[in-house]
Amino acid sequence: MTAVAGNLLLIVAVRTDKRLHTSMYTFLSSLSFLDILYTSTVAPNMLSNFLSLKKSISFAGCVIQVYFFLVLGETECFLLALMAYDRYVAICNPLHYNMIMNTMVCVRMISMAWLTGCIIAFLDTYFTFRLTYCGPNTINHFFCDGPLLMELSCSDVTSVNILKLVDTTISLFLPLSLILMSYLRIIITITTIHLGKNKAFSTCVSHLIVVVICYGTAMFIYIRPENSVSRDVDKMVAVFYTMITPMLNPLIYSLRNKDVHRAMRKLVGAK
């Protein structure tokens, strides 16, 4: 409830304050919308199972959960890369910023991020659920996750593992490379200016914090060697990136950004 309320408040604050109608806050609103869906994909079934003696999910429900979980996770990686590019243009090409990052360009970039996430997630989900599952169909987790499902399969998973490697490269390492290149150029530019260094970099701090949390947890879960940590540790990390991170994102952006902070205080009627 905190994650949904916080992100919804941030979206409404951005939409109602005309001073926040820029590409930077358009991306931020999209991230908040994504976080609402991200939490909603996992939390309802998890909370239902807390109150049930028989903790289960239907096969169709598992397919849907895996698909949307992948769509949202991969789209978030692309969206964070676009936000880094937006900061790069704002700091390194400030005179051309409004021309390069206009509203139509932002909408197209966000649409492409969602479309790419949907396509990659569809392929991943399709080939995962084409496998044969011989039982027992018991998942040691609080939601359906691709790697855990593959452990239940009695089919040859080599081709699926290759596909997942390609998917990971496209949805994780390519956006991360764009983020690193953007911030490298930002750092180089900031070192050459004499005034406004702190202000220029302060606009990037919140985004960097979210990037570190997002990519750090994703790499811990999906890039590390198998069986290097216990399932309990996996579940604790999963709680962090499915529940805690969507709850923290509005707080991180509102506390570090005076414009967002002012808009949210105005929305709730605080002086």
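Yeah, the Cβs are placed from backbone N, Cα and C, and that goes for glycine too.
Since we're looking at a predicted model, the values are computed, not measured.
Pulled from TrEMBL, these are the features on record:
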DOMAIN    6-253  domain 'G-protein coupled receptors family 1 profile'
TRANSMEM  25-44  transmembrane segment
TRANSMEM  64-85  transmembrane segment
TRANSMEM  105-123  transmembrane segment
TRANSMEM  170-188  transmembrane segment
TRANSMEM  200-223  transmembrane segment
TRANSMEM  235-255  transmembrane segment
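Of the two recorded stretches, the transmembrane segment (235-255) lies close to the transmembrane segment (25-44), with three or more CB pairs under 8 Å once pairs fewer than 6 apart in sequence are set aside. Averaged across the domain 'G-protein coupled receptors family 1 profile' (6-253), the predicted model reaches a pLDDT of 86. Long-range contacts of the transmembrane segment (64-85) within its own chain (CB-CB distance under 8 A, at least 6 residues past either end) are made by residues 24, 27-28, 30-31, 34-35, 37-38, 41-42, 45, 57, 109-110, 112-114, 116-118, 120-122, 124-125, 128-129, 143-146, 149, 167, 171-172, 174-176, 178-179, 182-183, 207, 210-211, 214-215, 218.
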